[in-house]
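Since the structure comes first, as structure tokens, the remarks are kept for the end.
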């Protein structure tokens with residue numbers, strides 16, 4: 001694991017649920033890659049999670065990764081809460097099922113492939129990486145909204 005990748009992620013949703021987009025900006029050495037996508041009906045949390053998941057999935061080899069997110073839900077979920085969810089068979093302490101368990105499980109499987117540091121950054125502030133990820137997420141959301149408009 002000799003390569004270090006810095007990733008900025010964000011999600012955007014119009015309504016909750018509603019059309020949403022996700023975006024990620026990856027930096028490796030002197031190279032940057034932008035990725036984004038959308039879902040026609042989703043939530044802001046699912047888009048935040050999908051941005052991180054898709055960014056991790058495109059890494060070709062085991063890496064040291066810093067992921068910057070403005071989602072406390074994502075950061076706390078993957079670093080703190082997930083351990084109890086796994087022990088409780090994907091249920092919370094009140095026995096209610098964990099929301100977005102499908103995505104949490106996919107993210108958890110990525111943890112074994114990389115050394116990941118999850119870092120929170122204030123959203124819509126002066127962090128250029130977060131601003132770029134937000135623009136990508138908004139682009140995804142706008143794509144979803146255009147498709148829905150065409151579908152009538």
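Quick reminder: no glycine exception, Cβ is built from N, Cα and C everywhere.
Pulled from Swiss-Prot:
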BINDING   10, 134  Mg(2+) 2 binding site
BINDING   10, 48, 70  Mg(2+) 1 binding site
DOMAIN    1-142  domain 'RNase H type-1'
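Location within the structure of each feature annotated in Swiss-Prot.
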{"residue": "10", "record": "Mg(2+) 2 binding site", "DSSP (3 states)": "strand"}
{"residue": "48", "record": "Mg(2+) 1 binding site", "DSSP (3 states)": "helix"}
{"residue": "70", "record": "Mg(2+) 1 binding site", "DSSP (3 states)": "coil"}
{"residue": "134", "record": "Mg(2+) 2 binding site", "DSSP (3 states)": "helix"}
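Report note: the Mg(2+) 1 site is defined by 10, 48, 70, and the residues of the same chain whose CB lies within 8 Å of the CB centroid of those residues, excluding them, are 9, 11, 47, 51, 69, 71, 74, 123, 130, 133, 134, 137. Residue 10 (Mg(2+) 2 binding site) sits 5 Å from residue 48 (Mg(2+) 1 binding site), taking the CA atoms of both as reference points.
Ranking the binding-site residues 48, 70, 134 by C-beta neighbours within 10 Å puts 48 at the top. For the domain 'RNase H type-1' (1-142), the mean pLDDT of the prediction comes to 96. For the pair residue 70 (Mg(2+) 1 binding site) and residue 134 (Mg(2+) 2 binding site), the C-alpha distance works out to 10 angstrom.
Across the structure, residue 48 (Mg(2+) 1 binding site) and residue 134 (Mg(2+) 2 binding site) are spaced 10 Å apart at their Cα atoms.
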